[in-house]
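Asks: The structure follows.
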Amino acid sequence: MAKQGRILEYLRKVQDYMNRLSYNHTGTQFFETRPNSSLHTLVEAAKVIVREALPIKCMEAVVLAIYLTNGVPGMGRFTINFKSELPPVQKLSSHAHLQTSASSKRYFYHVVLGVVLGNRFGAIGLSRRANLMNKSVQFPSLMDLVDEFERSYQECGQRLVKIRIGRLISHDQYSISPIPWKGITIHPRTEELKDVKCKVERHSKELRSALRGAR
């Protein structure tokens with residue numbers, strides 16, 4: 001428990017550090033972090049981010065978080081990708097009927113680094129919205145963490161269209177393998193809740209099993 005407490009404190013320091021770098025609102029991409037690059041390549045990109053200390057976006061925050069948490073004992077890391085939309089704008093027609101404009105839909109994409117420590121889940125990252133980035137490692141299940149993000153998106157006036165949860169990321173900073181983005185994909189608006197829960201619970205067990213095997 002004492003070791004877990006130190007790890008949680010370290011995670012808070014990592015998040016505070018990324019908060020100080022701040023989210024990049026400039027419209028200019030300062031760093032190149034291609035999703036299909038090897039972990040070794042991304043770690044080198046993270047070192048540049050540390051050296052330059054410029055504002056970063058969500059993908060760069062995930063890469064930086066992977067680098068800063070490499071080698072933390074007993075911690076599993078995995079990506080969580082989100083696709084969300086703003087509800088379509090409804091307009092009054094000439095006959096006073098509400099019409100929905102399909103072209104008015106706007107989609108947004110976001111990613112954070114999910115973490116599992118013991119029997120608790122959480123996340124670290126950066127976003128334009130304070131409630132769409134880090135989540136303290138206190139959720140007793142992966143589904144609870146997913147539900148928390150869904151509530152946060154609702155608070156921002158957005159609807160989640162798709163969630164993709166990856167597999168465990170290696171702690172080997174010299175690995176030539178890319179981030180394992182593909183794990184499970186959830187469609188909250190079209191899938192039955194019981195099916196989503198079953199899928200997430202099965203993936204959660206696989207993450208924990210892989211983490212035990214990696215020790």
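Note that Cβ sites are derived from N, Cα and C of the backbone, with glycine treated the same way.
Keep in mind that TrEMBL annotations are predicted by a computer and have not been checked by a curator.
The feature active site is assigned by TrEMBL to Cys58, His110, Ser127.
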Asks: Give me the CA-CA distance between Cys58 (active site) and Ser127 (active site), in Å, as a whole number.
Replies: 6
Asks: Report, in whole Å, the straight Cα-to-Cα distance of His110 (active site) from Ser127 (active site).
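Replies: His110 (active site) has its Cα 8 Å from the Cα of Ser127 (active site).
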Asks: Cβ distance under 8 Å to His110 (active site), same chain, sequence separation 6 or more: which residues?
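Replies: Sequence-distant Cβ neighbours: Cys58, Asn81, Phe82, Ser84, Ser127, Leu132.
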Asks: For a quick check of packing: other C-beta atoms within 10 Å of the C-beta of Ser127 (active site), how many?
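Replies: So the Cβ neighbour count for Ser127 (active site) comes to 19.
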Asks: Cys58 (active site) has how many other Cβ neighbours within 10 Å of its own Cβ?
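Replies: By my count, 22.
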